[in-house]
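S.K.: One structure follows; several queries about it will come next.
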Amino acid sequence: MSTHTYKKFEEADSGILPDKMTIYQDCLNAFNESPVNAKRCRLLISRLLQLLAQGQTFPRTEATALFFAISKLFQHPNDSLRQAVYLAIKELSAVSDDVLMATSSIMKDVQNGSDMIKPNAIRSLTRVLDESTAFSAERLFKSAVVSKHPSISSAALVSSYHLLPVAESTVKRYANETQEAVSDLKTYPYQSGTSEHYPNSTYIAQYHALGLLYLLRKHDKVALMKLVQQFSAGNLLKNQLAQVQLVKLVGSLLQKDPQLVTQFTPLLLSWLSNKYESVQLEDAKLITSLPDRFVSPEIFASAVQTLQGLLTVPRVTTRFAAVRVLNRISMVAPEKIVVCNPELESLINDSNRNVSTYAITSLLKTGTSNNIASLIKTITNFIHEISDDFKIIIIDAVRTMALKFPEEWKSILNFLINVLKQGEGGFEFKNSIVEALFDLVQFVPQSRELAFENLCDFIEDCEYNEILVRILHILGKEGPSMKIPSLYVRHIYNRVVLENSIVRSAAVVALSKFALVKNDPTLVESIEILLRRISNDADDEVRDRATISLEFIESIKSKEGASSSAAEDLLQSKYSYDLVSLESKLSQYMSAKQESFKAPFDSSSVHRYTEDERKAIDLKRKQEQLFSALPSAGKSKRAASSSQDAEKRNGSYAGPASNEVDQDLQSTKFVEELESIEELKSLGPIINTSKEVPLTETEAEFVVSGVKHLFKNHVVLQFHITNTLTDVALDNVSVGCTMEQEDSTALQETSTIPVDRIMPSETFACYVVYEKSEEVVTEGFLNTLYFTTRELDATTHEPFAGDEGFQDEYEIDSLFLTAGDYIKGSFVGNFSACFDELPHSEVAVYNIKENISLQEVVDKLVVNTSCLTLDNTQFAPTDSNSHTLKLFGKSVLNGARVALVVRMIKSSKGIALKGEIRSDDANLCNDVVDGLI
Amino acid sequence: MGNFFSSMFDRLWGVNREMRILILGLDGAGKTTILYRLQIGEVVTTKPTIGFNVETLVYKNLKLNVWDLGGQTSIRPYWRCYYSNTAAVIFVVDSTDRDRMPTAAHELHLMLREDELQDAALLVFANKQDQPAALSASEVSRELNLVELKDRSWSIVASSATNGDGISEGLDWLIDVVREEQM
């Protein structure tokens, strides 16, 4: 090699990346030399690692060549070089072929190498092993795990995490050694005299071992319980992370079975006063995220107390973590953390803005209608001092508050308008304010006038096109129905005169909607004049929109009747499409073969929402956002496991709400499924589809869930059957349904559609079809699963040829067709007015003897009636024994409205319910009363 | 200046010169056992080598870098990655494994055709002579077609890695040849 390149090497600190190909060539040359120059090779490897760390990669062939060259360095016994070699092998293992060639050499080092290189050797060994070679390394791992040297033990334990997906059985075989490693306190083998120069052992191996043990036993509840028992006793765990890990382990146990809380209570309490802040935090986090009824108020209070104490510690991270947990509690149960308010208030001025922002949002949540005004004042002073990102968080908090306290709209509106009009702030910030205002306008109708007035002011001087367009849109949508529509016309027309073409075209559309105002002919005339003027605009788009709007207005005026209503619809649509299913339909249409383009796209099959339905969905989604901010056990589990399964376990906690988008997608999926079945095609379009109800335990051999589909004259029960057995196939699977009222004539079973075969871990659906009259029919179905089991040949995974199989049956839970299946949740702005105006009314009183919480009753009611909760009544207060639930919905058959007010009181004897139901339809009224609980 | 002289002497006595030697052969022939018999003089229990083992040992004032490459079918293709700068090849044959003699012969001749090994000396160990059914050295030589080799110093020695017979005789021959050729 030339001196020139060598010099380049010496400039190690220059920070300039060395040339990739130079390094490659130098590596190949230097590593193949004999004898090896250890120092130079080490330097070269470090350069190579630097390249790889910066994200540079080598093509596979070059990486492989590098790997083989590096493997030649095993001939040199220098420990430092060997460490470098291991690092390089670890990095290259991802991009190079044939890394297994280093296996034997690495194994030799793990066995006989010096303590210095052993940890590195173990780490790179995991990278070169595969399923077939892993077992030969088992003994090495075993002895490394029990090694007295903490670094070696840790390396082996952590490497085992990586080995687990590759060769689980191998790792399982040294579970006992791993357990030993938890209780074994390993220290560095240095003389005590020199210890000040060396790190004292942190016992980190305990943490690593505990983590690995958990991975190995996470499906075995009893084993985990034993682990907790064993390691929580005495002062066994010295490492703080290990202790945190143990808390988490208890957390995962409680998540699966909240009944265990009582058993763990002493432990949970003792952790609250642990000497480590992190353990206290983790414990408090765990306690506060458990389902309410399993946690005694005392424990919860002491957890909050611990958090309160942590708010004033000097360490910022601790403060942050504590305030974050409190913030989470504030979303669901703000009354429980009111005690922390003084500390939270002092945190508003915390030098760390993350902490102060969380403090403020928590305060906003704990605020009651009494102190909102003063809180808003505090924020107004504060908001100018922080960056946009935090402002947005605060605006979001204010926005949710607006939904929670609709009666406080005035001060909230004032605050929003103030910050909106103050000049500073970027687009995202302004947009979030406008978003908040839109919510306010949509769900608190009283605020509309004032809000629109101010929005009109704002658009006179707004620099962001996007926001302008949005405001113009909402003015056009809501303006015509306001008291004095002409007020807004001037502001909108100003935009046409002053703004660019994008804003102009939006303004034209908004203007044209004012032509639909019924009782003001002069206004309609003026609009026409304005639009005519605009149709000379310089921009194509603006002209086009003005012309077509004029055309529509003409046709409305000239002809009364069908075509005019079509034109009206085009100007101001009363429906909007379900975007999710529209998208899937359209992409289906686009991806179909050429011939399908001959027929135009049929939009009638896409579900359409009326304005009220759209609002109902929006509100529901917004209410759920309160939850989505919750990183709680329930929510994350929900995402992980199948939704229905999680719903069953955590239903009481996360509420009956499920993601609306999923729901939409699912119903679209059902429609497609049903349409693909010949027998069901003749039934016409689906009117309503219920949620999926589990009919067995999720641990059962056959997991069944049921869905009810309503058609005009039919009911179809769909059963999803999952075969969880591993060695048995199910043939001729069908579900037999018997009606509870056997003599009833309202329903006639017409056909069943069985499944031919369900192989292990497959899911199929079978159907039972009933003919029904057009009215609301309620019924309970007793269901039995009929099938023939056929044992499977383990080698071919086919049933044995001669096996006739056993006929068998399996009883599953009943499925109920209730009044709720005929109702869809709907939104109404003024609930009490609407309630009073409905003609038919029924009252029902129930007494629930079971010991369940008010929240569970609320959730059950929401599920049974499938109505939307209004006026923020979906959460039962945790500090009171009574609650009033307001529900609203519409019949899917005839659109009749249903409104319910349910009052409930919890006492020592149980829960007393009084439900008052009002509706347009007397029959529906009756049916809902009957099926309430 | 002192440096110059010392390196002169080193050249003369051969100390500090490293010599690369490869131990090759089919799986289970006894390569790893021979390597450690050479290095520590003992019989170690071995597992099939996945990859290679490399040891440095000093033999008669000569520093040897001995590479023992795994003999499994899957690993044989990688032998060639380690051919460069090789002074000598030790090819180990299991003398009891009559069935695979042709395979061994094939692998041997294939290897010797490589450019990088044209100057390498070849020592064949007819190993496992302690076993009753072992072929003799001359029989193995015939099976491997060694007489066909031209332009190469080669020798075949009957050996037993487990009791040490023949190992040092073979190596002595190899060292002599290599020393002669390289100096």
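Indices start at 1 and increase along the chain as displayed.
For all residues, glycine too, the Cβ spot is worked out from N, Cα and C.
Found this in TrEMBL, in case it helps:
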type    : residues                                                                                                                : note
BINDING : B:GLY25, B:LEU26, B:ASP27, B:GLY28, B:ALA29, B:GLY30, B:LYS31, B:THR32, B:GLY71, B:ASN127, B:LYS128, B:GLN129, B:ASP130 : GTP binding site
BINDING : B:THR32, B:THR49                                                                                                        : Mg(2+) binding site
S.K.: Under a three-state reduction of DSSP output, how is B:GLY25 (GTP binding site) classified: helix, strand, or coil?
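M.R.: Going by the DSSP assignment, B:GLY25 (GTP binding site) falls within a strand, counted as strand.
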S.K.: Determine the Cβ neighbour count for B:THR32 (Mg(2+) binding site): the number of other Cβ atoms within 10 Å of its Cβ.
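M.R.: Counting Cβ neighbours of B:THR32 (Mg(2+) binding site) within 10 Å gives 25.
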S.K.: How many whole Å apart are the CA atoms of B:ASP27 (GTP binding site) and B:THR49 (Mg(2+) binding site)?
M.R.: 9
S.K.: Considering each pair of residues in B:GLY25, B:LEU26, B:ASP27, B:GLY28, B:ALA29, B:GLY30, B:LYS31, B:THR32, B:GLY71, B:ASN127, B:LYS128, B:GLN129, B:ASP130, all listed as binding GTP, report the largest CA to CA distance in Å, no decimals.
M.R.: 21
S.K.: Under 8 Å, Cβ to Cβ, against chain A: pull out the ones among the binding-site residues B:LYS31, B:THR49, B:GLY71 that qualify, in sequence order.
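M.R.: The binding-site residues close to chain A are B:THR49.
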S.K.: Between the Cα atoms of B:THR32 (Mg(2+) binding site) and B:ASP130 (GTP binding site), what distance do you get, rounded to the nearest Å?
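M.R.: It is 17 Å, counting Cα to Cα.
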S.K.: Sorry to bug you, but what's the C-alpha spacing from B:GLY71 (GTP binding site) to B:THR49 (Mg(2+) binding site), rounded to the closest Å?
M.R.: 8
S.K.: Which of B:LYS31, B:GLY71 has the fewest nearby Cβ atoms, counting only those within 10 Å, among these binding-site residues?
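M.R.: Checked B:LYS31, B:GLY71; of these binding-site residues, fewest Cβ neighbours within 10 Å: B:GLY71.
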S.K.: Please report the DSSP secondary structure of B:THR49 (Mg(2+) binding site), reduced to three states.
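M.R.: Assignment for B:THR49 (Mg(2+) binding site) reads coil.
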S.K.: Do any residues at least six apart in sequence from B:ASP130 (GTP binding site), in the same chain, have a Cβ closer than 8 Å to its Cβ, and if so which, in order?
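M.R.: Listed in sequence order, they are B:SER160, B:THR162, B:ASN163, B:ASP165.
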